Amino acid sequence: MRGYGAFIQKEIRENSRNYKFFILGIVFAIVGLLSPLSARFLPELMESLMDENITIILAEPTHIDSWLQFFSNINQIALVAFVLVFSPVMAKEYEKGTFIHMVTKGLPRLTIYGAKLTVLLLSWTTFYLISFLITLAYTVYYFPEGTSDGLFISVGSLYLFGLLIISLLMLSGVLFRNSYAPLLTVGGGVAVLFIGSIFPVIERWSPLQLATRNVEVLRLQSTDPAFTRGVVITLLITVLFTITGGFIFRRKALQ
C-alpha cells in the first residue's frame, strides 16, 4: 500500500506540474458556469440580434434548458478535453522507460496500473463534481422554480459514462505505446456506439443512453427498463475493460 500511495502522489505532482489539472479545472469550471448562463441569457441575446421585422417567439427558459446545456457541454467539451489531456497516461512512461525502473525496484505492476487508474478516476470525479456544483448553484439562482427530481439520476448516469470512457482509455493506453492510439480507440468506441444506436435492438442495451437520454430522464423524473439495462451494461463493460487492462499490463513487455 505504501508503494500504491507513493505512486499516486507522484502522479498528482506530475499532473500538477505540467498544468493538466489546471487546464481541466478551467475547462470544467467554464462548462459549469456557461451552462446556466447560456440557458438564461441566450434567448434575450438572440432577440436583440434579430432583425426588428422578424418576429420569433421563444419559450421562457427553465431549469431544464440549463441542464440541457450542461449535458451537451460535458459531452462535447469537457469529456473530450479530459481524454485529450490524459491520452498519454501510459505512453510517456513507456517512452521514458519509467515502468522498467519501477518494476525492477520491486513495485508490482498491478500497483502501477491501479495507481494510474485511481488518479484518472479521482480527476474525473473531482472536475465533474466542480462543474456540476457550479451549474447547480447558478441554476437554482436563475430558475428557483425548478425541481431536483430525476436530477441526480441523469447527472449520475453521465458520470458513469465517463467511467466507461476512462476504462477504455486505460485499456488502450496499456495496449499501445503512443498517445494517438488511445485517442483513436476512444473515438472509435464512441463511434461504434453511435452506429449501433441506429438499430433499435442494440439501442435498448447501449451504454450511449447514459450520455444522450439525460434530459429525457430529467423531464420524466424516472427511468425505463432500457435505460436501466444501459446502466448495467455500462458497469459490466467498465469492469471488464479495467480487469482486462490490468491482466494485459501484468504480462506485457515493457521494453
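Backbone N, Cα and C atoms are what each Cβ position is placed from, and that goes for glycine too.
Just so you know, TrEMBL annotations are computer predictions that nobody has curated.
Annotation source TrEMBL lists transmembrane segment at 21-42, 70-91, 112-138, 150-171, 183-202, 226-249.
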Quiz item: Any residues 6+ beyond the ends of the transmembrane segment (183-202) with a Cβ under 8 Å from its own?
Solution: 83-84, 87, 165, 168-169, 171-172, 175-176, 208, 212
Quiz item: Do at least three CB pairs under 8 A connect the transmembrane segment (112-138) and the transmembrane segment (226-249), leaving out pairs fewer than 6 apart in sequence?
Solution: yes
